Structures are given as structure tokens and as C-alpha cells.
Amino acid sequence: MKSILGNPVVQFLLGRLIGSYMLFVGVTTRWQKVNRAAVEPFWAPGAGRLILCIWHGRFPLIHTMWSFKRGAPKGKMLISQSREGGIVAHTSRTVGAGVIRGSAAKGRQAKGGLEAVRAMARHIESGGIVGVTPDGPRGPRMRAKKGPVQVAKLAGAPLLPVAWATSNRIVLNSWDNFVLPLPFGRGAKIWGNPIAPPAPDAGDEEVQRIRLALETEMNRISAEADRIAGVPVIEPAPPKFETTTPEPAATAS
């Protein structure tokens, strides 16, 4: 199976199929939108400069949280360089997002992690936005790592938490409680309040404060989205002690 998933043609076909399905779910769900005004200023031509943050388990419909209309700043997703990441990369392109490949799984030495951070910073500084999963690629579930905050510090860009939930769904028994959305249901899309980046000279204490603020806001809106959709709230995993080793960023697998 691993050799099959590593085949570029198989990755392309699976990615296109999954992406098309996610587009279908997005347009067949009756959405309630909460606090969209928080993101609309960033949709203006030449605006951008934003880091969109969503939990790994809710990655499938992140494209519904951004505008891909003509003139809107280009959105790119940080995707790992794993076999699964190859499929996710084609999925992201199918729904209209660009892709930056990299990983934070093993700190600074992980699969082009630093190169990915620089690529994200350049894209943000040029007026684009990037989407990241702060608990990716391996958790703990719904516990933010420092990587996205460090990218925000480098690029001088705010972090915007986002979440969605649908009444029709399958929740997998995976580390992230991955949510597979099903079509023709009710849904909630929530944009959180933007979180300002650390100052360029901010120390680790300030980075940790913002990391916790990001995690708290992401969990608040995720729970609210579940309640609006009328489904059980997915709870975070117990917190895990985080070392002070720098983390480039968090990725979708």
C-alpha cells in the first residue's frame, strides 16, 4: 500500500478525487457564518499578510474559510513532504490553494522545515496568506505548537483562528479525531479574533503567551462550531510538555 501511495500518478488522482469531494461538501452544506467580518479586510486586493490557523482534524474544509475570488490574496497551505502529504498537496491545489512543502516533525532538521518557514514568510510579506495546522503533523490533538507563532514573529503577520463543523460527519478514531464531513447537512463556519504577532525582539515568554492565546481561541471557536452544528464537541487531548527547541511550523500531513 505504501508503494502505491508513493506513486505520483496515484497521489494526483487521489488528491483530485478528494479535493473534488471537499468542494462538493462545501457547496451542499447550509452554512451559518460567524464573525466573518474578522477576515473580510484581508480579502481585499493587496491586503493578505495573514496566517490562517485550523486544527489538523478539521483540515478538509479549510478552503471554505478563505476567498478564492479573482483579486483576493493568494492562499497557500503548508503540507508535509510525506507520502500522505503528496496526496494532500494535490487536494489543496484542487480546491484552489497553493502549496508550500515542509515539516516540523523533527525540529530544524525536518524535511526542509527551515526552507518552508522562509517560503511562508516570503509569501506573507508579498501580500499572501498561509494556512497551517498548529497541532500537526502528529499532535497532541488541539494543542498548539510554537511554530506558527514563530512564523508570525518572522513575517510580522497576525494569526487568525478558524473552525468549521457539520451536522453530517464521521469522526475517525485517530490522534486528531479527524472529521470527515458529509454533504447535505447544516454547518457552522467561525472566524476567531485576529491575534497580533510577537514583536521582532520578543522573547520565549511572549511567544508562549501568544501560543496559549492562539490555542485557547481555536478551542473556543471549535467547540462553538460543534454546538451550532448540533454535534458532540471534540475535546482537546491532555497538554503535553513542550520543549524550548525551536519549531519551524506545523503542517498538514
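Glycine too: its Cβ is placed from the backbone N, Cα and C atoms.
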Matching range for TrEMBL feature annotation, region 'Disordered', among 86-106, 107-127, 212-232, 233-253:
233-253
Using DSSP, what's the helix, strand and coil tally for the domain 'DUF374' (72-141)?
28 helix, 13 strand, 29 coil
